[in-house]
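Pulled from TrEMBL:
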- 19-31: compositional bias 'Basic and acidic residues' (COMPBIAS)
- 72-476: domain 'Amino acid transporter transmembrane' (DOMAIN)
- 1-73: region 'Disordered' (REGION)
- 167-187: transmembrane segment (TRANSMEM)
- 199-219: transmembrane segment (TRANSMEM)
- 231-251: transmembrane segment (TRANSMEM)
- 271-289: transmembrane segment (TRANSMEM)
- 301-326: transmembrane segment (TRANSMEM)
- 353-378: transmembrane segment (TRANSMEM)
- 390-410: transmembrane segment (TRANSMEM)
- 457-479: transmembrane segment (TRANSMEM)
Amino acid sequence: MKDEVQPLLPGNAEPVNDTYDRSTPRPDVRTSPENVILHLPGPMGPGESEVKDSRSINNDSYNPLLNRDLEHPTSNTDTMIHLLKGNIGTGILAMPDAFRNAGLVVGTLGTLLMGVICTHCMHILVKCAHELCIRTEVPALGFSDVVETSFSTGPLIIRKHSRLVRYLVNIFLCITQLGFCCVYFVFVSANLQEVIAHYFIKLDLRVYLAALLLPMILLNCVKNLKYLMPASLFASILTVIGLAITFYYMLQDLPSTSTREAFASWSKLPLYFGTAIYAFEGIGVVLPLENNMKTPQDFGGWTGVLNTGMVIVAALYTSVGFFGYLKYGEKVILGSITLNLPPTEILAQSVRVMMALAIFLSYGLQFYVPVGIIWPVIKDKFQTERGQKIGEYALRTGLVIVTFALAAAIPNLGAVISLVGAVSSSTLALIFPPVIEIITFWEKGLGKYNWILWKDIFIMIFGVLGFGFGTYASIMNIVSPVN
């Protein structure tokens, strides 16, 4: 399961300053107890300085790819698996609902187009990271590092805002991950409700949410991620099996395409955008994966790891959305295709149980992002080691309760997915990358006739419109659900 987002597992920031010790090997983020896939650094400490001025360095001979010292670098195959895992999760199960809000034609073309744009933004992020690594002579940068460094080495007028945009990225990362956790709560509860209602008794969804609260708290008291990796692997296996069985049901007795809408109404398109962009949420894993590759030069390019992986992702999203909507039509409003499988068949019920368990086990991995960003900020408020230990557990418990409360307040799975996608995923995937590219290459030039500038402006407008209309439509759908 896409350990959603994934974005997802925070780590300590690479210092982006004049005191960077290049003689010290970079830790392998795959095996570090505080880092598995993602490098999502928090704010710099009080003793850290600003990044170097690009004009004082201007060392184009520095190659960051040759200065990465990893104990256990990942192969191309490992990177591909992590990339797929970071992009495939609960979002893919909501794609039939997205197609219902767009129609077969618009949904198909729109999903493929969105996949192209999101993949291009991933390439933008990697390209800018390499350029900024050369300027600051550090081997690797995380997402928030890149946005801060681009501002601090960009035009003079925006340099003073570098720390602010770093905080802004971290805030959106927290919002995104906590939103994913809310979706996880609702997803697990909804699937358990369907199974238990069929065999035993039908209870309100909030009963299942309350029953999951304590297990979720206990799961997220595990601070060392290496103890969660077996659970993550098991969850991935369950996800693959669950998707295979779901396809088995979707592809049986398909009706004619003429029985489904090719073009939905304009009013529903923002909901489609929110759900689709939620699914394409893997931009947070791009830099950590590229940073840990044995051959990072194989990550980009037309036939590189990134393009190959995203083609597979886009094909899966499109196929699940197309055939799911074609098979079940207007009945896919439940927010997950697993809830449309026939309740009278044990195989279908097993899919609900497997996917619910997989998502439950993945919650802890997603949860590390907000904890990894928030805890370093408040850690110094506690003076003793015992106080810090109690404080961290209190933070973890409090954040789980927050996601539980939000899930209980908005138990509409499809609406929550669309809202999280419109608010956070569109910002991180479609707005920040083109902004970073414009600032990073402002002085080097933006291509003939400034075509890079116009291209990035178009992507930003697309993201801002999706953010605005998608958020509004999602909120309206929560207040007054549309059928």
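Yeah, the Cβs are placed from backbone N, Cα and C, and that goes for glycine too.
Unlike curated records, TrEMBL annotations are generated automatically.
These figures come from a predicted structure and were not determined experimentally.
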Segment proximity, the transmembrane segment (457-479) to the transmembrane segment (301-326), 3 or more C-beta pairs under 8 Å: no
Among 167-187, 231-251, 271-289, 353-378, stretch most in contact with the transmembrane segment (390-410) (C-beta, under 8 angstroms): 167-187
Selected stretch (most C-beta pairs under 8 A with the transmembrane segment (457-479)) from 167-187, 199-219, 271-289, 353-378: 271-289
Recorded stretch that, among 167-187, 199-219, 271-289, has the most CB pairs under 8 Å to the transmembrane segment (353-378): 167-187
Same-chain residues near the transmembrane segment (271-289), Cβ under 8 Å, at least 6 residues beyond its ends: 2, 4-8, 11, 29, 37-40, 74, 79, 82-83, 86-87, 89, 91-92, 94-95, 97-99, 101-102, 106-107, 110-111, 114-115, 118, 121-122, 125-126, 129, 140-143, 146, 173, 176, 264, 299, 306, 313, 317, 414, 417-422, 425-426, 428-430, 433, 466, 469-471, 473-474, 477, 482
For the transmembrane segment (199-219), sequence-distant contacts whose Cβ falls under 8 Å of one of its Cβ atoms, 6 or more beyond its ends: 185-186, 188-190, 192-193, 349, 360-361, 363-364, 396-397, 400-401, 404, 407-408, 411
